[in-house]
Amino acid sequence: MGLQPLEFSDCYLDSPWFRERVRAHEAELDKTSKFIKELLKDGKNLIAATKNLSAAQRKFAHSLRDFKFEFIGDAETDDERYIDASLHEFSNFLKNLEEQREILALSVTETLIKPLEKFRKEQLGAVKEEKKKFDKETEKNYSLLEKHLNLSAKKKELQLQEADNQVEQNRKHFYELSLEYVCKLQEIQERKKFECVEPVLSFFQGLFTFYHQGYELAKDFNHYKMALQINIQNTRNRFEGTRSEVEDLMNKIRRNPQEHKRVNHFTMEGYLYVQEKRPAPFGSSWVKHYCTYRKETKKFTMIPFEHRSGGKVGDEELFILTYCTKRNTDTIDRRFCFDLEASDRPGIPMTMQAFSEEDRKLWMEALDGKEAVSAQLDKIGFAIIKKCISAVETRGINDQGLYRVVGVSSKVQRLLSLLMDAKTCNEVDLENPADWEVKTITSAMKQYLRSLPEPLMTYELHGEFIVPAKSGSPDSRVNAIHFLVHKLPEKNKEMLDILVKHLANVSNHAKKNLMTVANLGVVFGPTLMRPQEETVAAIMDLKFQNIVVEILIENHEKIFKTLPDATFPEPISTSVSPPNAPPRQSRRQGQRNKRPLAVYNLCLELDDADSHSFPKEDTPTGSMDSLSSQSPTPAFSSSPPGLLERNHLIMDSGDLADWTANHPGQSRSSMVSWMNTPSPSTAATNTAPSFSILNPATASDRAMESVVCRKAVAVYPCEAEHSSELSFQLGAIFEDVQFSREPGWLEGTLNGKRGLIPQNYVQFL
């Protein structure tokens, strides 16, 4: 049942039922007002959502318009062109659609939002104002009436009459206001039906118009859509056909990549690691480059490129190739390497590393590279040794550290390749200081001897040469070595004669070059002798190789110029000393000096930019003095393998501890200056400092009783050159450190691995 009508006559009665009907009408108008309020809120949200959707659609249209497919090859089919253009068509369709949506959003505001807001404000708002007046007059009317009825009857007639007139006048005003309010309530109830629905109808009319426009756009787009579907299907069919062909080609290339190599103007191209040399002590680094080579012009280009760093392409480097040769692993601690030389940098080879042996072969073929010539005791070999000896004795016999200061690995390899090539051997001028340094010549000479198929003093006689060096009197040692030398093959003996004669000449100049017999033994022991099988026992015998070489140098004339005693019994080869047998070693008598007068740094700074790249040098521990003759002449201390190539001073751990404690933070050059400063007594006599260094074995023997299983810290970094040695960085902490049976070496544990440690590389904690 609907609302009951409000009769005007009821305004005069103002009965309770009249008031109930008025309140029912008022409640309905409140409900209508809330409905319109919610509808306006939803309408505004709809407009905002429509605008957001339109913005998103337009952005989507812009993305479609701005993108363009790239095609493979140099031309497109008609179908591919239509497909490429389709994105632009889609963009235009969405653009037109959004223009209609924008019109819809504007029409919603004009046809729905504004009319409803006007009705609610002007019509419903006016009724609320009338209600306030009606409620106020009701309160006033009945309050005045109650006050009037409470007047005393004893008041004057005139006063009572005036009060009656006032009440009557107020009643009339109240009735008039009540009539107007009732009329307004009934009017608004009828008006709201069309005032609310008409704007909603207009909204739907705009919505239908928008959808109709979309329908018209879809009809216009239908023809293009059908044509595009045909283009897409044609393109898909061609894709299915070409995909199988591409997969077949991929499988063929996978089975044999070289047969299907793409033809281009480069003879060879691919990735190589290039050795980039840095100043000492940073060593060198290997950087990946993409390299190309054209044989017709001999142009070689390198572009640094690292996939893991985001694929940044570096600057291109181009040079003209003049030379390429293979690098053997005995000259560099990496596989698959070869050297190149550029025309603008003569004598400075660049070392490259391929990915595999097969890859290196391909590069060597393309670059016309030469294989490393194997060393032999032939005419060329004798010519090499004689030529090097002549140059050394002419130019560098007095050079300090001769044969112990090593040359640059790449230059040594280059010289050796030229000398071992019959075509270029005679063209090499070793007498010219501008072409070849003495250290390069001496290193090439040692490298040649180490590259022989077997050592000069042969595998067969190795054990027999070691036996007399371990025991017996000096004379018996010389006689035994004398006998064994004449058992060598004739070519070996002849080459050994030439070499030892030269070494004897070098030792005669020891006052200037500081290369005593003992030091020459340290250098040439592992060069002239080595066991066929590498064992721990053989490592322990390294020092005895040095003794054999010392005997050869000191007794050169007797051994090579005279025949051995025919009645001398042939030495009997004995078993190698067991690991627990202490080695024989000389001991210097007298109190150890706290601070040696001077130390000669055999590792002279190399002035070449890549001077830190040394070839492998096997310089094992040797005796302090010449053990062959028990000579008291002081000589250089023994040093562990490769020690002199690491630019470290030769000194025992006591010297190192003194320096570290008293000169914290000082550089190595400062230590050299300190060590070379003469003592006050020496300075007073104005005598030159002597180069005497205490044998580490002496210090270790004195400390053995009190220092057992201690910790030590590395004061220099070290790279192991044998499986029995430990590699470590500066500051590494060693556990369970003990003195080794090997003079100058310690045994310790690092990261769970136990091995040998150079004594003068660490400091006890």
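Heads up, the Cβ atoms here are built off N, Cα and C, so glycines get one too.
What TrEMBL lists as domain 'PH' is 265-372. For the domain 'PH' (265-372), the number of residues in each DSSP class (helix H, G, I; strand E, B; coil) is 13 helix, 50 strand, 45 coil.
Residues annotated as domain 'Rho-GAP' in TrEMBL: 375-560. Model confidence over the domain 'Rho-GAP' (375-560) stands at 90, taken as the mean pLDDT rounded to a whole number.
Sequence annotations record features per position, and here TrEMBL assigns region 'Disordered' to 570-594 (among others).
The feature compositional bias 'Basic residues' is assigned by TrEMBL to 585-594.
What TrEMBL records for 611-644 (among others) is region 'Disordered'.
Residues annotated as compositional bias 'Low complexity' in TrEMBL: 626-641.
Residues annotated as domain 'SH3' in TrEMBL: 707-765.
Secondary structure counts, DSSP: the domain 'SH3' (707-765) has 3 helix, 30 strand, 26 coil.
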